[in-house]
Each structure stands twice: as C-alpha cells, then as structure tokens.
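Before any comments, here is the structure.
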Amino acid sequence: MIGSLLAGDRLLGGQKHQHSLSSAPVVSRLQHKMDGSGLALCLLAAVFCLFWTPSAGLKTLHLGSCVITTNLQEMRNGFSEIRDHVQAEDEIIDVRILRKMVSLQDTEPAGQCCLLRHVLRLYLDKVFKNYQTPDHHILRKLSSLANSFLTIKKDLRLCHDRMTCPCWEEAMEKYSRILSHFEELKPREAVVKALGELDILLRWMEETE
C-alpha cells in the first residue's frame, strides 16, 4: 500500500511537473506580449512628445501689413499669477496710462504695428527693469513676460525693416499721449500702474483683427 502511494505520488508529481513545463511557454509568451505592448506605448508617447508643439493660446496678430504669431495665453497665464499682488500696490485708481482713446483698436490698421512696438519698448525700457520686489516668484514671472515682449518687439522690428510697419502721425501721437500719462506719475507709481495695466495691453493684442 505504501509502495503504491509512493508510486502514485511520483506519477502525480511527474504530471504536475509536465503541466508546469507545458504552461511555462504560455506565460512567457503572454509576458512577452505585455512587454511588447508597453514598449510600443512608450515609443508612441516619445514620438508624440518629440513632434507635438503647443498650439493652444497661439494668436496671430494682424497689425496692418505686419502679421506675427505669439502665445498670448501663456502671457495671460503668467500675468494672472501675479496680477492681484501687483494691482494691489497701485493706490492711484483714478488714473490710467493705457486709455481707450489710444488703444490699438482705436488706431488705423496701418499704424497699429508702430504703436504696439513703441508701447512694448516702453515696458521693456522703463517698466520691467525698474520694478523692485523681494518676491522672487513675481520677478520670475515678470522676466518671462519681458522675454515674450522682447520676442514680439523683434518680430515687429523685422516688419519695420521690410517697410510693413510704418510710423505715421496718428500712431506717434497716441504713443506720445501714453508716454505723457506715464511720466505724469512718480517713477515708482508709474511702474506699478503700468504693470497693473498689463491685462489691458494683452487684451488689446487679443482683440486685434
């Protein structure tokens, strides 16, 4: 009896071992397929990241004969993070630098490029570089905005070089008014107010046709 049981155990053990051996290739093939699928997904993701470029937020500005493209949404998002802080510093609420009467929308298309180019230069030369704060987050956001403005200004300069960004009398008169409003304030007040009105300038650019 004991011998029969042992023989049966050996037979059963052999069957188990044979079943284990026969199922191993199936598991291996399944694992191989899973690994292959994972690799394919990784490769697909890598190719997507390589060739994908962010288009959301891109805006084509038609400024007379000058046409440029910029990421307005990125600038809006950057400014939105610091807007409340900057605007809270502005204590002169009854004065505006960027008024409707000097807006891009109230300017003839042929002069919009010139007006925007000069306003951006005002921000680059007299606003961004003169704002002082110990808050490094705000400084980083302003630096990013300044870089975006510089890129736009360079594109507008190229239009100027190609004679598609003329500076006619209307545009220069409107810029003179903007500069006058800016210089009527004390330096610190002017810088803070100009920064607080960045949303107005971005809206001007957003609404160009």
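Cβ atoms here come from the backbone N, Cα and C positions, even for glycine.
What TrEMBL says about a protein is an automatic prediction, not a curated fact.
Between CYS159 and the candidates CYS66, CYS114, CYS167, TrEMBL records the disulphide bond with CYS66. The two recorded residues CYS159 (disulfide bond) and CYS167 (disulfide bond) have their Cα atoms spaced 11 Å from each other. In this structure, of the disulfide-bonded residues CYS66, CYS114, CYS159, CYS165, CYS167, the smallest number of CB atoms within 10 A of the CB marks CYS167. Applying an 8 A CB threshold to same-chain residues 6+ apart, the list for CYS113 (disulfide bond) reads LEU63, GLY64, SER65, CYS66, LEU156, CYS159, HIS160, THR164, CYS165, PRO166.
Counting in whole angstrom, CYS167 (disulfide bond) lies 5 from CYS114 (disulfide bond) by their C-alpha atoms.
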